[in-house]
Amino acid sequence: MLGFRSPIRLCKLSALGSAPLLPISRPKLFSTAVARYAADMETVNTTERLARLRQLMQEHKVDVYIVPSEDSHQSEYIAPCDGRREFISGFSGSAGTAIVSMTKAALSTDGRYFNQASKQLDSNWELLKRGVENVPTWQEWTTEQAEGGKVVGVDPSLITASGARSLEETLKRNGSSLVGISQNLVDLVWGKDRPAPPREKVRVHPDKFAGKTFQEKIADLRKELEKKKTAGFVISMLDEIAWLFNLRGSDIPYNPVFFAYAIITPTKAELYIDDDKITPEVVAHLGQDVVIKPYNSIFADAKALSEARKQEAGETASKFLLSNKASWALSLSLGGEEHVEETRSPIADAKAIKNEVELAGMRACHIRDGAALIEYFAWLENELVNKKTVLDEVDAADKLERIRTKHDLFAGLSFDTISSTGPNGAVIHYKPEKGTCSIIDPDAIYLCDSGAQYLDGTTDVTRTFHFGKPTELEKKAFTLVLKGLIAIDTAVFPKGTSGFALDALARQYLWKEGLDYLHGTGHGIGSYLNVHEGPIGIGTRVQYTEVPIAPGNVISDEPGFYEDGKFGIRIENVIMAREVQTTHKFGDKPWLGFEHVTMAPIGRNLIQPSLLSDLELKWVNDYHAEVWDKTHHFFENDEFTRSWLQRETAPITK
């Protein structure tokens, strides 16, 4: 699935001599209990909503109001009740910030969503294309609107402490100010139509899948806190809490997390969660090691904890550790910048390095998931080509989900399946909706980006097929993308190398043609957790320079190419970083490489063998032989699918 983006300028393709436009993505059921939460691409009339919001802004003496995408835990993907930015703007993409002044409104988003936002925003809104030359950032636009001593308001629980400080400093320079408004104004506009917060039960994630008890994880965390000489760690990121306590939930579609906070000190472990989500199994699991407290008491408790610490030790009191992604509201409750140490979360770092049990689970679940994909693509080709069945993009995506449910340890989808035909493949984060989506054209490129949650791991795979006769242009573009995927897969690099440094390997063959793609090359992946997981990744984000790739990291490898209005190409495998043996060891340091775990054929009729080196062609044939070896036993009683797999994994020659 497409992860994080790169600030690259858009351009058109002409006979593979210029450059491309956007990529794609579509969300789906996290479990059968979760209804689809997606809007179609139609424009939403926001006139009345904006009028009501501006009335509330006047009442609260605010001239400009910021509406972030995130929830109180800074989640990338959110529950329906937290879709405030979508409600006020009509834009349903996962990333973006809305800003409303008394006379104007703007929506800032990145290159994955330019196409979508331009279709969904009505005439009340200005689209700020992030990363495009001469287009202001949302902070710059806000500052301009606030000139002359105006007041900018924001819900302090929805913006990071560092983000608030940075904006506050910028506003001060032109005589303006930033204020936190605890009552969210968009919620007031939304009123009774706002979806209710989720109330799903929390589940224990067994140690046989986690590979480590939660007591061991907390002990390791306390060692880190001792090294940093901090008073404790206040945790707000949902996937970090789920990972730390070996618990899973269903509060956010596709992400097995639950709304909670936690505080870990040298002597206490406290979990803040609504009582109605706790089962006897969870109580028994946590035992005497964890105190369960009400979710809404976190801010009062954090304030009391900070004040008690100051009274005991005065000005020499050690600070509380807080993630640099934690909210402004949480930072203020701990006494603000002077009393907290904001840093990259030590839990994020630990979670990103999978243990041997988690790595084994990743290998196993990707083989089962590969079998599901093989059955699906064999079925799809047969329906489209042989039976001439009329299928739309949602029909196909639903079939894939049904196939996945048959496999062991399946627990839902990891994101909404991106099932896209022809030009829809060139739309970043494309969302097909029943009634408005396209009929799949067997004579056009079909791009499918999908993933699943299994109790032993999380999958994310993209395959691009053509069930007819692809053009030479399509084959050349596909092969250039494939060469980039192979370059990452076969990379060998010294310990300490970042994903930022590796990114160019995937783009080099497109760059030689003057081409590129508007998204990162890879993102971290959780173990039965979020399909997008930091802090590691492969791309041009500054954050990727901060954390080097390490053994145990699980990352996607997904270069692409997109010709707006025509087709999209992306090939995605999940890879795991590991130590490799090299002839030499320059600098006497370990050297790393990758192990791929995704097991699904790569569209062979789109490959132009003459563009592959001998080593690249060997990689393709070796990979397909591995796919056959690890998956063909699933089809002992399914001769049709077995024959399709045999054909698709047969050796390719020049």
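Each Cβ is built from the backbone N, Cα and C atoms, and glycine gets one as well.
For the Mn(2+) 1 site, Swiss-Prot gives D460, E558; the one candidate out of E533, E572, E579 that the record lists there too is E572. When Swiss-Prot records D460, E572 as binding Mn(2+) 2, the matching candidate from D449, D588 it lists for that site is D449. Residue pair E558 (Mn(2+) 1 binding site) / E572 (Mn(2+) 2 binding site) shows a Cα separation of 4 Å. A C-beta separation below 8 Å, combined with a sequence spacing of at least six in one chain, links E572 (Mn(2+) 2 binding site) to M1, D449, D460, V461, T462, R463, L485, S556, D557, E558, T598.
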